[in-house]
Structures are given as structure tokens and as C-alpha cells.
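Peer 1: Handing you a structure now.
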Amino acid sequence: RPLLLLLPATSPSSPLRRLLPPLSCHAREVLDVIPQRDGGDGSDRAPRAKGAGTNGATAAQVGVAREAGTKGRQGRSRHGGVARRWRRGEDRLARGERAADGEVQGKRWREGPTRDGELIERREARQARGGTLARESGKAGNLARGESQASGNVSKKGKKKAKGSENEGKLRVELDMCSKRGDVMGAINLYDSAVKEGIRMGQHHYSVLLYLCSSAALGFVQPAKSGNSGSGIASIGQLSSSSTESVGNLKCNDVSEGHSEDQERSKTDLFASDDDVTEKPSRIPVSDELREYARTRGFEIFEKMCSEEEKVPMSEAALTAVARMAMSMGNGDMAFDIVKQMKDQRIAPKLRSYGPALTAFCNSGNVEKAFEVEAHMLESGVRPEEPELETLLRASVVTQQGDRVYYLLHKFRTTVRQVSPSTAKLLEVWFRSSTASKVGKRKWDADAISKAIENNGRGWHGLGWLGRGKWTISHTHIDKNGVCLDCGEKLAIIDLDPKETEDFAKLVAKLAIKRERRSNFENFQKWLEKHGPFEAVVDGANVGLFSHKHLSLSKINIVADVIRQRFQSRKFPLIVVHNRHLTGERMQKLSNRKLAEKWKQSNAIYATPTGSNDDWYWLYAAIRCKCLIITNDEMRDHTFQLLERDFFPKWKERHQVRFNFEDSCVTLQMPPPCSVVIQVWI
């Protein structure tokens, strides 16, 4: 058969078999202690956790203790006495008196301290004068009372608004803490109390509540700060047992082992904390009883969020949480409809928005619908990543759809390139199946295939399965020259095809012109057309500042001399450096002036103008000239994040040369001898 796949092997000590750590004491507390809702006959109570015995604390006890503690703190006086009973209007009177006292003292602060008796006399005098004026004229009295009442109403509204904002802020903080702890029942209790007390909730409150309910509905709670979420479907979990069993029937029972754990390590969790990326909290499993309860309350909370009286703006996070609850019921159509509603409401869907619908359809074996979701993703400008593609691949393998598998192999080539061990195992399952041996054309045009491989940048023809028969699967190694030690074939160096190269250069130029002064970058394009092409480009700042505070032209010269020796033309590489590095005190040194003059005479240096980002210049030059770029820049900052993900990783693998200096000697790390990606031979 003409296809060879590079499948990474897993060692016996592979982390795929690592067990989840035991639950912490707090995690057990959240799992086993479930608060009961206030109710008389107990018919409206929250479910009790499994295994909670007579010695276990009840949710009601925990909730009451927390509530009593809060009230006690609020009711205590500043001097630690017993809480005093509050009477309506007392706080308003006290605040009014304090304000009046402050006003008088503020006006008379230059005159020194004022006696309390004086203040009382003046206040009584003002009240008496107001009363006299009111009695003299009924009309004037009515006016005075009207003004006084209006002033009182405004004051009441302001105080009520301030108190409401204070309560909303306090509720937000408490909900965030519940989210951080993974405390679903605590958040639901806070919601019930807020509804009872008439506290108005905003978009953030509802998003956190729905996140917690949707997580519990899926069978686990991922502690996170404020319900923040990442991308992808990695945290949704393993496929349904029926799908896993079907894959197992294809003679690879361990294909699903460690699937979820591997995705957790390689991708950001759906609701991971933004602040703690080094140590991620463990998931807290929940009982089936609590799952049902959380889902029911989640839909109830969402219904209130959508009600006319609330008028809360809808958000992508809230709708994604509802889609997750729909997925927990196996309702892929509902989850997909929610994503479609986002576009109708002018809400941009994210990668995580599609996860619930995609997973639900794949779990149920509805592959056609699953690929409809993928098509909708692409239309919305959302690109599936490895977890999404692996989910589609699993469903395609289970349903034995060869054309779908072939399509996804190409997606893995362009999007993922080097696949994870779990994906590699799944591909191995496919090639060992009887279905894989039956698909493929019996006859094909070898010249057309060779031409297609060349046009696609080598390594892939894209014309479907060729040939029939049983596949031979083997785990092998590649030597330093890119030769497979099993079959003896040399793996191809896969570069961008001519059209991709042209499109990539145009994209970089368009972004650069948008962010640079148009004339500056256009001048560089004209200069490059006149003096190019070059066989290599040097990122002058990255090389010259290696282990130096100030740019070293001598280090740039060493790299330029070493790289030009590799070319038959012995032509100098293009050195791109900002103009500020070619002025000032360093240029007073004779050796620096000689180097700069030598490069200028060879048309091998371009000084980017003031205010420019030299990254755009050396990147464009390397793409346009289809040559090497010498830099240790990992190209991960915001500048490079603007670039197409399909083009950039492939181009970077083939064109970046890294370097290292030891005792004034440079070592160049050339691109690998072959492309680490799925490849095809005929």
C-alpha cells in the first residue's frame, strides 16, 4: 500500500497510564456534603450525596453555620457587643445627622472646634424658621413640603442604589469563590438567597452559576476562577461507553485508555484558571443524583436570565454553558441550535461553543450531523484543533467511514502536524480494521499522482485512498538524514506550495502595512525587489543582542560569514536591523564602522526606520525570497499570532535556523532533514 504514517510510540512509562490523584479533604467535603434547600416536608430538598452516613454533616448544618456566621458578623457592633435590633429608618437618621455635623464642621474648620450645644441650638433655630415660613403661607408651605419630599426621595433612591450595588458586588465575590472551590451547591444557595432578597444579578453572576451547573451536569466540577474558560472540548470528557466499545471491537481495546488524560495535558482545560497555569486543580466528580439536580436548576437559572424582568445581556459563556447542559442529556440538536442562536444575536462563537454539539453527535454516532457542526465552525472562522479532530476521527472510525478518515488525516497534517499518542493509537485502530483494507482505488495515473504530490509541497497527493489490501503497521525510527529505518524510504521535506507561499507573503505585507507607515514598508518591498533574492536573512537584533546588553555587530558578522559558506554563491545574507543600532557611540568604534560599510557596499543590510517593528521586515524578506531565517525568536508574541496557523508552523519548521555562541564560535541548528508530519509514497 502506498501510505506510510509516522505514529509516535508510547513507552511503558507513558504518562497516559497515570492515575488521577486522590481527592483532597476539601474535594471530599464538596462531594459528600450537599446542602438541603429550605422546605417543610422535604419534597423540595436537594439530593443527598451517596455514602453520607450518620456521622456525616448535613448540608443544612453547613449552610446554617455559614449563614449564622455571616449574620453574626454583620450584627455585631464595633465594640464587640451583642447585635442590636435594627429599626426601620434608624440608619438613615444616623447617616443624616453625621452628614449634617460634618457639613457644619467643614464650613467652620478655620474657627476651631464647635460645641455640641451650639450645633443643637443652630439646628433648632433653622427648623423653627422653616416652620414659621410654612405657617405664614399655605402655598409656600406646600412648596416647602414638596421640595423636602423630593429631596428625601432622591436621597432614598441614591442610598438604595448604593446598597444594591454593594449587595451585587458582595454576591459576585462569593460566587467567584464558589467557582474557585468548585462548590456547586454553595453557588445555588447564594442564587436562592439573592432571588429571595431581591438582589439584581448581572451577566457575570449568571455566567458563573451556569458554568457550575453545566459542569456538575457533565459529572464533574472543575474548580476555576470566576468560571473562566479556555478553548476546545478537552474537558468535556470521554466518549460514551457505546462509542468506546465500538472502537474496542475494532481490535484495539486500549485506544480509549488515557484519552481524556492525554487531552488534559496537551490542551487547555475548558474552564481552567487564568492565574494558575502551572498547577491545575483536580476535577471533583459528582453523583448522578447531583448531576440531575444541577442540570434542572441550571435550566431554571437560564430561564430567569432570559426573562423580561431581568433583561440581562446574553453572553457566549452563558450560552455555551447551556449547550453543555444539553449535551449532558445527549441532545446534540439543542446544543447545535444554541450555537446558531449566537450568530443570530451577533455573539461570536468560540471553539468551546461547538464542543457540546460536536461531542453529543459523535457520542450518538450521528457522523453527518457532527460534520455539519465542523462545517459551521469553518464558516464562522473557528478552526478545530486536535481534540475536536480526534473526536470526529473516533466517530468516523467507529462508523467505518473511509472517506471521512482520509479527510481528517489531511486536517491533522495541516492543523496539528505531529499528533498526540491517543490520536496515533486511534489511527492504528483504523489501519488494522477490515474496512481500511477494502477502501481505495484499484487503478490510478502515476504521473497525475506525482504531479499532485509536487504541487502540494511534497508528501501528500490528496486524491484519496489508493490500492486495496491489508495494511502493514510497524513502529520505527528515523535517522539523522530523515531515512526510515524500517522501509528505507527518505521522508520528504514538505514546504509551502507556490500558491501558499504567495498568499503568505501577501498576508504578511498586508498586516505590516496596516501597522507600519505605508511608505516605510513599501520602500522596503521596492528595495528587496531590486537587491534580492537572498539565500538567508539574519534577524540582526536577535543575533547581536545574544548574551549582550548592547548590540554586537561582530556577532552578526560571525553568523553571516558562517551561513554564507553553506551557499555556492557565497553571497552575504540579508541583515535586517533597526536604524538605532547603527548610530550613536557604538559606531565611533572603527571595527563597527568597517563592518557596516562592508554590508552596505554588498547591499546586504537594511536599517528599518524609526518607529518600525523590524520583525515584519525580516519575516517578509524570508518568505518572499523562500530562504532561511537565522533567529532564536520563537515567534509567539502578538505579531506572529496574527498569522495563519496553517501556513506559519509549516513555514517555520522548514526555514528557521537557530544558533548558539560558545567562546566566539557559533553553532547553527539547521532545519530538520525531514518534515515531522503524515506523509505518503507511491
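Glycine too: its Cβ is placed from the backbone N, Cα and C atoms.
Heads up, TrEMBL stuff is auto-annotated, nobody curated it.
In case it's useful when we look at the structure, here is the feature table from TrEMBL:
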- 38-47: compositional bias 'Basic and acidic residues' (COMPBIAS)
- 49-65: compositional bias 'Low complexity' (COMPBIAS)
- 73-87: compositional bias 'Basic residues' (COMPBIAS)
- 88-127: compositional bias 'Basic and acidic residues' (COMPBIAS)
- 238-247: compositional bias 'Polar residues' (COMPBIAS)
- 254-268: compositional bias 'Basic and acidic residues' (COMPBIAS)
- 159-220: domain 'PROP1-like PPR' (DOMAIN)
- 291-437: domain 'PROP1-like PPR' (DOMAIN)
- 478-679: domain 'PRORP' (DOMAIN)
- 34-168: region 'Disordered' (REGION)
- 231-281: region 'Disordered' (REGION)
- 350-384: repeat 'PPR' (REPEAT)
Peer 1: I'd like the per-state residue tally for the repeat 'PPR' (350-384) from DSSP, helix first, then strand, then coil.
Peer 2: 26 helix, 0 strand, 9 coil
Peer 1: Per-residue pLDDT averaged over the domain 'PROP1-like PPR' (291-437) comes to what?
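Peer 2: Here the mean pLDDT over the domain 'PROP1-like PPR' (291-437) amounts to 93.
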Peer 1: Please work out the helix, strand and coil residue numbers for the domain 'PROP1-like PPR' (159-220) from the DSSP assignment.
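Peer 2: The domain 'PROP1-like PPR' (159-220) comes out at 52 helix, 1 strand, 9 coil.
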